[in-house]
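Colleague: Mind looking over this structure? Questions follow.
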């Protein structure tokens, strides 16, 4: 098949329900990231792609090209990221942000990639800034923070400046597109392991397939209640990615002794409310928020260590490590150190 690297050819193929190759979507993303594509071309492309349904190879090409345009970030050693795509409209507290701190306290180096709130009341960047973390760091400063604090944050606008060409169009069309799912795939630190929550059931295996293609160790999951986290309200569908393959399974937090709790128990508020929730959990407060944080930190630790043959067993080990990191005061100390190091840059 000849490469369809013109907008009419690309859009015609998508409207006919045909999948594009990774090279073809890479071409499209290059046109967008370079500022060459017009708003109409961008809107037509992302809408047609969403209507057809994105394939693994298509997303591989898009993410690869976004990373080519990203500001490079080099962090030493194995790195894990834990993040949700957002979009579940549940307006919970910042579970993955708290889980990232706990994961770092348990001994894994974390580089979290995120932005301000899009669909929620308070995004990762919003709450971290309120807690005293500097967002406007250079790549060299970010690498230093990761080295000295064990955790760092990549503020997406700093590392993906070319996204400004797509921003106005995304806002105008007002619907979720592939850009809503590319964040976890385009961490400039290029993590060796990832724990990713996805609200869209159709996209969970797609993102898992991208990680499998990369050879990354990952857990990609969706709460069966629609949360972009491992949920405590019921079971979660999990794709375990290891050795270049992705396999689907189900996880029930009750195997860890976590009681069922309504999602409403995780509901957040403004940035001050969510920041206080961080302090409460890291100070050892018990309850559903702690349970959710430890559960998701366990997923990040499993991804970082490499999933074993039995997910329940791996999650038990990760959960125990996460609980110890909080109960020993290590997680609270990591946040304090993070604030100190980022502020001294």
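Every residue, even glycine, has its Cβ placed from backbone N, Cα and C.
Because the structure is a prediction, the values reported are computed rather than measured.
Pulled these from TrEMBL:
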BINDING   84, 87-88, 92, 94-97, 112-120, 124  5-phospho-alpha-D-ribose 1-diphosphate binding site
BINDING   84, 115  anthranilate 1 binding site
BINDING   96, 229  Mg(2+) 1 binding site
BINDING   170  anthranilate 2 binding site
BINDING   228, 229  Mg(2+) 2 binding site
DOMAIN    10-70  domain 'Glycosyl transferase family 3 N-terminal'
DOMAIN    77-331  domain 'Glycosyl transferase family 3'
Colleague: Determine, from DSSP, whether residue 229 (Mg(2+) 1 binding site) sits in helix, strand or coil.
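Modeller: DSSP call for residue 229 (Mg(2+) 1 binding site): coil, neither helix nor strand.
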Colleague: Could you state the CA-to-CA distance between residue 115 (anthranilate 1 binding site) and residue 84 (5-phospho-alpha-D-ribose 1-diphosphate binding site) to the nearest Å?
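Modeller: Residue 115 (anthranilate 1 binding site) to residue 84 (5-phospho-alpha-D-ribose 1-diphosphate binding site), Cα-Cα distance: 11 Å.
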Colleague: Hey, how far is residue 84 (5-phospho-alpha-D-ribose 1-diphosphate binding site) from the residue listed as 'anthranilate 2 binding site', Cα to Cα, in Å?
Modeller: 19
Colleague: So among the binding-site residues 96, 115, who's got the most Cβ atoms within 10 Å?
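Modeller: Its Cβ has the most other Cβ atoms within 10 Å: 96.
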Colleague: Does residue 170 (anthranilate 2 binding site) have same-chain partners at least 6 apart in sequence with Cβ under 8 Å from its own Cβ, and which are they?
Modeller: 46, 177, 179
Colleague: Only counting partners 6 or more residues apart, tell me which same-chain residues put their Cβ under 8 Å from the Cβ of residue 116 (5-phospho-alpha-D-ribose 1-diphosphate binding site).
Modeller: 123, 125, 126
Colleague: If you measure residue 96 (5-phospho-alpha-D-ribose 1-diphosphate binding site) to residue 228 (Mg(2+) 2 binding site) at Cα, how many Å is it?
Modeller: 10
Colleague: According to DSSP, does residue 84 (5-phospho-alpha-D-ribose 1-diphosphate binding site) fall in a helix, a strand, or coil?
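Modeller: DSSP assigns residue 84 (5-phospho-alpha-D-ribose 1-diphosphate binding site) to strand.
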Colleague: Using a Cβ-Cβ cut-off under 8 angstroms and a sequence gap of six or more, which residues of the chain neighbour residue 113 (5-phospho-alpha-D-ribose 1-diphosphate binding site)?
Modeller: 81, 83, 153, 154, 156, 159, 183, 184, 186, 187, 188, 189
